[in-house]
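Novice: One structure, pasted below without further comment.
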Amino acid sequence: INGDAKGTVFFEQETSEAPVKVTGEGLGLAKGLHGFHVHEFGDNTNGCMSSGPHFNPRNKEHGAPTDENRHLGDLGNIQAAGDSPTAVSITDSKITLFGADSIIGRTVVVHADA
């Protein structure tokens, strides 16, 4: 998270077949919905510009987290209250911490809006 916003996100997966639990907290986000995505590259030298597009190794269309046809990096939105910490609590069965499609080493982007 760049700018005045900051936060920490944790990814946990018990086995390669298990869903990934995403938890964490963001501070300083403006009130409202913020897109929450894994991007292709782990490069943050130029902020989000160097992180590349959403992680999409299977060349799918952009979609909601519950859609079968979606980028692997499409994790939906998080809701910020604006005056308190923003909780992140997502369980996702498409992303993985194992194998060729692993999200390890990539960038998590919290967008300015949904």
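Cβ coordinates are placed from backbone N, Cα and C, and glycine is handled just like the others.
Here's the feature list from Swiss-Prot:
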type	residues	note
BINDING	H37, H39, H54, H111	Cu cation binding site
REGION	48-68	region 'Disordered'
BINDING	H54, H62, H71, D74	Zn(2+) binding site
COMPBIAS	58-68	compositional bias 'Basic and acidic residues'
Novice: Sort the residues of the region 'Disordered' (48-68) into helix, strand and coil with DSSP and give the three counts.
Specialist: 3 helix, 2 strand, 16 coil
Novice: Could you give the Cα-Cα distance between H37 (Cu cation binding site) and D74 (Zn(2+) binding site), in whole Å?
Specialist: 5
Novice: Does DSSP give H111 (Cu cation binding site) helix, strand or coil?
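Specialist: DSSP assigns H111 (Cu cation binding site) to coil.
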Novice: Taking 10 A as the limit, how many CB atoms besides its own sit near the CB of H62 (Zn(2+) binding site)?
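Specialist: Neighbour count, Cβ to Cβ under the 10 Å cut-off: 14.
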Novice: Tell me the Cα distance separating H111 (Cu cation binding site) from H62 (Zn(2+) binding site), rounded to the nearest angstrom.
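Specialist: Spelling it out, the Cα of H62 (Zn(2+) binding site) and the Cα of H111 (Cu cation binding site) are 15 Å apart.
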